[in-house]
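Trainee: Here it is: the structure, laid out below.
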Amino acid sequence: MTAQILDGKATAAAIKSDLTARVAALKARGVTPGLGTLLVGDDPGSRWYVNGKHKDCAQVGIGSIQRELPDTATQEEIEAVVRELNADPACTGYIVQLPLPKGIDTNRVLELMDPAKDADGLHPMNLGRLVLNETGPLPCTPQGVVQLLRHHGVEINGAHVVVVGRGVTIGRSIPLLLTRKSENATVTQCHTGTRDLAAHLKQADIIVAAAGVPHIVKPEHVKPGAAVLDVGVSRDENGKIVGDVHPGVAEVAAWISPNPGGVGPMTRAQLLVNVVEAAERDAAAVSAG
Ligand SMILES: Nc1nc(=O)c2c([nH]1)NC[C@@H]1CN(c3ccc(C(=O)N[C@@H](CCC(=O)O)C(=O)O)cc3)C=[N+]21
């Protein structure tokens, strides 16, 4: 058996085509969504990601506001730019590219962001809204995983999902999304304190591998017919991506997300969704008010 591909590139393209129409409708009402990014320092990887986000914006008609600071920037200088983005009417949503340089209090920066402009869905207010089943921006990588499964018709309702990892970008919040009534999954969260990871993985209908440990999910861990999502991004000595999922898993699973070409493009698409939905909420409030 060879697994079917959970094609993140194609799914992200479909989402972007839907967004293009919604952005045009917003513009017709006089609202232009604009994504801001704040990049601190010049890590080539971070710069590549940020540039990719602005390319995506150009494709769907979203405006771009690019802010940069040197890696010597102080806490105060970073916070000053955050305040400017909060106040800038052209910036309807933004992200502070992570990680920030050593010595910067990242949580203090993130908490200063206007939650209504939080394109990452990682502001404590928005994570709290998710817990309370209120509407708001959703964390991009977890929502990208959910959309990738939905788009390919993989049954989430009633499925047993095993998440490997408890990092802030996905592991900690994906169980919140998957256990909503609209998804209705049963979730087991595994992490470095888990006693028998292999036994948990073997029970899974869906595996979300987000540990950042190369090839931690091996073919013998996977129940035949499972769906396996590879969220891990490690690099080998040539800079090539090595995921959390061993390539041999494709012979056991029914569905597998390639890496690259799986969850990464979906994360980027969801960022645009958050920006457009925030602008749509604003536009609706203006019409109502
Ligand atoms: N505030 C903030 N928000 C983020 O969302 C955020 C961040 N900081 N810091 C860094 C991580 C990383 N990240 C990725 C997004 C897209 C791909 C992506 O599209 N990857 C492609 C290509 C990968 C390649 O070839 O190098 C793929 O998977 O096909 C990867 C990684 C967002 N991040």
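Count begins at 1; order follows the chain as displayed.
The backbone N, Cα and C atoms fix where each Cβ goes, and this holds for glycine too.
Residues or ranges marked as domain 'Tetrahydrofolate dehydrogenase/cyclohydrolase catalytic' in TrEMBL: 6-120. Per TrEMBL, the feature domain 'Tetrahydrofolate dehydrogenase/cyclohydrolase NAD(P)-binding' maps to 139-282. Residues or ranges marked as NADP(+) binding site in TrEMBL: GLY165, ARG166, GLY167, VAL233.
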Trainee: Cβ distance under 8 Å to ARG166 (NADP(+) binding site), same chain, sequence separation 6 or more: which residues?
Mentor: ARG172, GLN189, HIS191
Trainee: Out of GLY165, GLY167, VAL233, which of the binding-site residues has the smallest number of neighbouring Cβ atoms within 10 Å?
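Mentor: So among GLY165, GLY167, VAL233, the binding-site residues given, the one with the fewest Cβ atoms within 10 Å is GLY167.
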Trainee: Across the domain 'Tetrahydrofolate dehydrogenase/cyclohydrolase catalytic' (6-120), what are the DSSP residue counts per state (helix, strand, coil)?
Mentor: 61 helix, 19 strand, 35 coil
Trainee: Using DSSP reduced to three states, classify GLY167 (NADP(+) binding site) as helix, strand or coil.
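Mentor: The residue in question, GLY167 (NADP(+) binding site), is coil (DSSP, three-state).
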Trainee: Pairwise over GLY165, ARG166, GLY167, VAL233, annotated as binding NADP(+), what's the top Cα to Cα distance to the nearest Å?
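Mentor: Largest pairwise Cα separation, rounded: 15 Å.
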